[in-house]
Amino acid sequence: MNIENNEHSFRPHPELGEHISFTKEQPIDIHDSLASLIETVAPLEIDLVLEGETGTGKDTLARKIHRLSGCSGRLIAVNCAAIPETLAESELFGVNNGAYTGAVQARAGYIEEANNGILFLDEIDSMPLSLQAKLLRVLENRGIERLGGTRFIPVNMRVIVATQKPLLTLVEQGTFRRDLYFRLNTLSIQLQPLRSQVEIIIPLFRHFIAKAATTMQCTPPEITQELCEYLLSYSWPGNIRELKTAAKRFTLGLPPLNVPRNAERQGPQLKEILRRIEKSLIHDCLVRHGHSIDEAAMELGMPLRTLYHRIKLLNVTTQRIIV
């Protein structure tokens, strides 16, 4: 199942309930609805797919799920793209003594180390088809055989995979196994790029500056209006990761972005930015008050008729969140 691009709503596994909707994913201060979703799914023994561009916080989200899961085992994070294909099988499944020349000592692989914990496979889209078939067998049998061995080793683990490319598209292209996709895809969460969440850019930038200043033991530099406009107009291809680096550069007294001022300025105009911020604030307020428009209007200090008008104009979802 997958996130639908309708206010970023999704229809989850039956045991999660009827319907949950949310408007954005915020890595530092997670949006109320996504936070509720994570708290719901974290304790459940279901596998997850995280889809999003580089730097959108997939690793951060996987670690948060592990912290909230209550499982006794570790989170074993594996970057599938960083392991040479010739070593991938031994790294994942482990080896027995004498399995190949130079294998003088038996050792467990990443899958075995994830027993009673979570195996996080980042960039799963780079895994060779031959290894995908073996991973599917592990998920079906919940156990492994080390390379060069015949003994079945039971493994009780949960799997979270992350990808920059939509897995269903890769299935259609023939580069990802359809059966593995359906086995993994109990629930899919799509993390939004920073350019579609302009309302969090400045708060996150300030947050990262404060952290950098604490580490460097210096006073956080002031953010000018001109810099704010520049940050909001930038397209952020590196997403949160690039924003964090920009904050560190700015704290050091360097230009925050190592690009010409006339480059990559493809972000939304100020009017659109303000519209998104207002929509986000109204949505968050509705969520806090269980979608009670009366209570939201009181908190916002806004006449009820005006709030109704803004909800309709901005197309703010008012559907009750059910978990």
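Just so it is clear, glycine is given a Cβ too, placed from its N, Cα and C backbone atoms.
Helix, strand and coil counts from DSSP across the DNA-binding region (293-312) read 17 helix, 0 strand, 3 coil. Among the features that Swiss-Prot reports, DNA-binding region is placed at 293-312.
Marked as ATP binding site by Swiss-Prot on the basis of sequence analysis: 52-59, 123-132. For the recorded site, Lys58 (ATP binding site), the DSSP three-state label reads helix.
Taken as a whole, the domain 'Sigma-54 factor interaction' (41-251) shows an average pLDDT of 89 in this prediction. The feature domain 'Sigma-54 factor interaction' is assigned by Swiss-Prot to 41-251.
Local packing around the binding-site residues Gly52, Gly55 was summarised as the count of other Cβ atoms within 10 Å of each Cβ; on this measure the leading residue is Gly55. The Cβ neighbour count for Met127 (ATP binding site), using a 10 Å radius and every protein chain shown, is 25. For Ser130 (ATP binding site), other Cβ atoms within 10 Å of its Cβ number 10. Taken residue by residue with DSSP, Gly52 (ATP binding site) is part of neither helix nor strand, so it is coil.
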